[in-house]
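Features reported for this protein in TrEMBL:
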- 16-400: domain 'Major facilitator superfamily (MFS) profile' (DOMAIN)
- 12-30: transmembrane segment (TRANSMEM)
- 50-70: transmembrane segment (TRANSMEM)
- 82-101: transmembrane segment (TRANSMEM)
- 107-128: transmembrane segment (TRANSMEM)
- 140-162: transmembrane segment (TRANSMEM)
- 168-190: transmembrane segment (TRANSMEM)
- 220-244: transmembrane segment (TRANSMEM)
- 256-273: transmembrane segment (TRANSMEM)
- 285-309: transmembrane segment (TRANSMEM)
- 315-338: transmembrane segment (TRANSMEM)
- 350-370: transmembrane segment (TRANSMEM)
- 376-396: transmembrane segment (TRANSMEM)
Amino acid sequence: MHKEKEVPQVSLQPLLIFVVLMLMVLMQMTTDQYIPSLPAITKIFHSSEASSQLTLSLFMLGLGMSHVFYGPLSDKIGRKPPLMFGVGLSILGSLCCFLAPTVLVLIIGRFIQGFGIGCCGSVGRSLVRDLFTDRILSKIGSYVGIVSVFIMVASPVLGGYIQEHFGWRFNFLFLFIFGIGIWILAWCTLPETNHHLNPDAIKFRVMRENYSILLKSKVFLGYALCACLASAGLIGYLAIAPFLFQDVLGLSPIEFGQLTIFIAGAICISGIINSQMVMNKGVSYMVFFGIVFMLMGGFILLILAILGLQNVLSIMIPVSIFSMGLGFTFINAFAGAFHPFPKMAGTVGALYACMQDLSAALSSGIIAFGKWYDQLSLAIILIILGLGSFASWYYLASKDV
């Protein structure tokens, strides 16, 4: 068994790392590359903004549901089959979106995309843990972080360019072609890495017992809810921003896509600061530190909205402050939720990611049905989510001393 796991580390390590990174790139691009196209989709289908926003809500719903499916399944039958199935399903979803004759078919296609692409997160993390350990694993984590921030900026910019020059359908055609390329690359290069299959992994009784342990843990719930509400804030912004910046402020799709550099930059800064502070202050304190920034950003945005100051900077500066809070919260809530359960890492990861993505789906769904597309609405939403994060930290996570 030991020799089987050493082969890829020695001979194929750079290629395997590249494939894992490409899976993460595909997942990120599938999530938000099309966001600059939302106003155009609304006009072309003669639909409401709410219907267009449901393409994001249903994607996040599918993504959230997928984690509790792929994680246990990859423990039972291996990593590669669920990964190939999931990426293949996301490719079919991209094709469905590209050919969609109505907004309803587009929404269904986005759900299929979300449920399929969730394998990249669930199975991808497990695959990396199978192959690499210790310093190499930490190094790969750094690579993933760098690539994620880069794609966070590049994906909406690319989506805006494609929208402006070719139209919204070509964003999904791009994802279809790119997805096929990644599927072929993964099929040809990735070995099966799970050499300790667990036949009981998908038994309902075992899953119920494991999830019950986690849901009864105040520490897990506290940190997970902090991350859930922070994630809901980010997706809430993505649901409102295309209409606010393009329809109200008159930005082009390319100009709107470029605004993500504010968010990515803020998250990068929070990561740098966190690396210097967390060893002295601890995880719980850093989550609280992040929540303070989230609330600060929300209240500044609210004050500017009340004063009637509505322009790119009056929105993006407070959103960037909120995003710094997201960075602190995401990094440390993840560590805090996992720390008490070292022998249940797979189950913890699946439930944590499921809760986070379902919260994002709920957030964007509420925004869609509430028809809130202005600066004031965004400010109120960010403040409510920040207060919810504080309550979760104070009553649950702060007990982790």
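Cβ atoms here come from the backbone N, Cα and C positions, even for glycine.
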The transmembrane segment (220-244) and the transmembrane segment (256-273) contact flag, 3+ Cβ pairs under 8 angstroms:
yes
Candidates 12-30, 50-70, 140-162, 376-396; stretch with most C-beta pairs under 8 Å toward the transmembrane segment (350-370):
50-70
Assess whether the transmembrane segment (168-190) lies in contact with the transmembrane segment (256-273), where contact requires at least three Cβ pairs under 8 Å among residues 6 or more apart in sequence.
no
Feature contact check the transmembrane segment (12-30) with the transmembrane segment (140-162), CB under 8 Å, 3 or more pairs:
yes
Range from 12-30, 50-70, 82-101, 376-396 with the greatest count of C-beta pairs under 8 A to the transmembrane segment (285-309):
376-396
